[in-house]
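Notes for the one structure printed next.
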Amino acid sequence: MSAGGNGARRDESAEEISEEWTVSGIVSTLVPLLIALSVLQMVSGTVLESFEEQLLVYPSLLVLVPVMIGTAGNLGSIMCARLSTQLHLGTLEFSPTNPDIRANVGAVIGLAATVFVLLGFAAWGIGRVLGGSLGLGTLLVITIVSGMLLAIWVVLVSTVAVYLSYRLGYDPDDTTIPVVTNVCDITGVLILFGVVTVVL
Amino acid sequence: MLGQDSAIDVYRQALPIILVSLVAGLFSGTLLGTEAMREGIESVPGILLLLPAFLATRGGVYGSLGARLSSGLHQGLIDPHFEWNDRLRNAIVASFCNGMIVSVFIAVLSWGVLLVLGREANLLELLIVLIVAALLSAFAMLGVLLTVIFKGYRRGLDPDNVIGPVVTTVGDVFGVVFLLIGISVAGVVL
């Protein structure tokens, strides 16, 4: 996560921020941002907390939590970094028929399909070792359904974030990755446990 | 060239790093699912509540330190050796303060949320767990990050390309372990 909190002030003071390197400067820029993000993260924490009993009974589900969150963030970062590079190169056009956008979406969906199928098997295997009782079929349904929903959501959020950042005049390289990784952390947990509630 | 890659090119380039991070995520997930951690989760109310915030904070703190050091190297503001000069010291001290301040905040915030939810909550216990976990994280993350950035830079590696994966991978693996250590320390102290 880069120093995305500088977004709003970047134009005037990018130079001073990168060259001053004072403890108080760095702390006063980052602490408010990190505190705001921590407050947001409490949403996913609350969801986890409310599923505590199920999580303790089915360790496979606990295994899934960091991976789901991390993978969604990684996919979002790839999508954002590629879209913003294309924006800087002048080749980006926000349209579903644009071959670049199609390539990005195709790659993210393909990566998600690969990772979430592997994850289903891994979570099942690890869960067995840890003494869980969830079947392979159930776990595959959970990882694939929630993973693909998450991938589609990541594509939408990343595209909207890059577009809004561009329209508002912020460099999407600075602003989108922290925003999208945080949104994915929270929605990843919500989607995972939404699917878990339906399946279990 | 970037911008003209097909979906298959992007897939091929991104798959290795995604798989590395999958393995790291599975490792920390497995730690979360172990008997010891499940007992910890049961014994300290609020661990699951603060987990996402704690993991994300370390990404933010050390990711931004990495980005700063990498820009500093590219701009020639710092030398690619570990020397205790003002700039490097300030960046390191600041990230340490950020990590500690925000972790204390997370402990207090989770305590508040637990109270609002009408759950049992112990502020001192949460503070001990998070302070221990944040301190250990600071040592581990600073050690790995500084080594990778300086050694990598001297060998011609662009730190911009490695900081993200390094921070998430090391952070995921160590974050959960350090929370577990924090829980045992709190158990011993209280």
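Along the chain as shown, residues are numbered 1 onward.
Heads up, the Cβ atoms here are built off N, Cα and C, so glycines get one too.
What you see is a predicted model, and the numbers here were worked out from it, not measured in a lab.
Counting residues of the domain 'SLC41A/MgtE integral membrane' (B:52-180) by DSSP class, helix then strand then coil, yields 109 helix, 0 strand, 20 coil. The feature domain 'SLC41A/MgtE integral membrane' is assigned by TrEMBL to B:52-180.
The feature transmembrane segment is assigned by TrEMBL to B:14-34 (among others).
Residues or ranges marked as transmembrane segment by TrEMBL: B:91-117 (among others). Listed by sequence, the residues of this chain that lie at least six past the ends of the transmembrane segment (B:91-117) yet keep a Cβ under 8 A from its Cβ atoms are 45-46, 49-50, 53-54, 57-58, 61-62, 64-65, 68-69, 72, 123, 126-127, 129-131, 133-135, 137-138, 142, 146.
Per TrEMBL, the feature transmembrane segment maps to B:124-150 (among others). Nonlocal intrachain contacts for the transmembrane segment (B:124-150), taken as residues 6+ away from its ends with a CB within less than 8 angstroms of a stretch CB, comprise 44, 46-47, 50, 54, 58, 61-62, 65-66, 69-70, 73, 80-82, 92, 95-96, 99-100, 103-104, 106-108, 110-111, 159, 162-163, 166-167, 170-171, 174-175, 178-179, 181-183, 185-186, 189-190.
Under the heading transmembrane segment, TrEMBL lists B:162-189 (among others).
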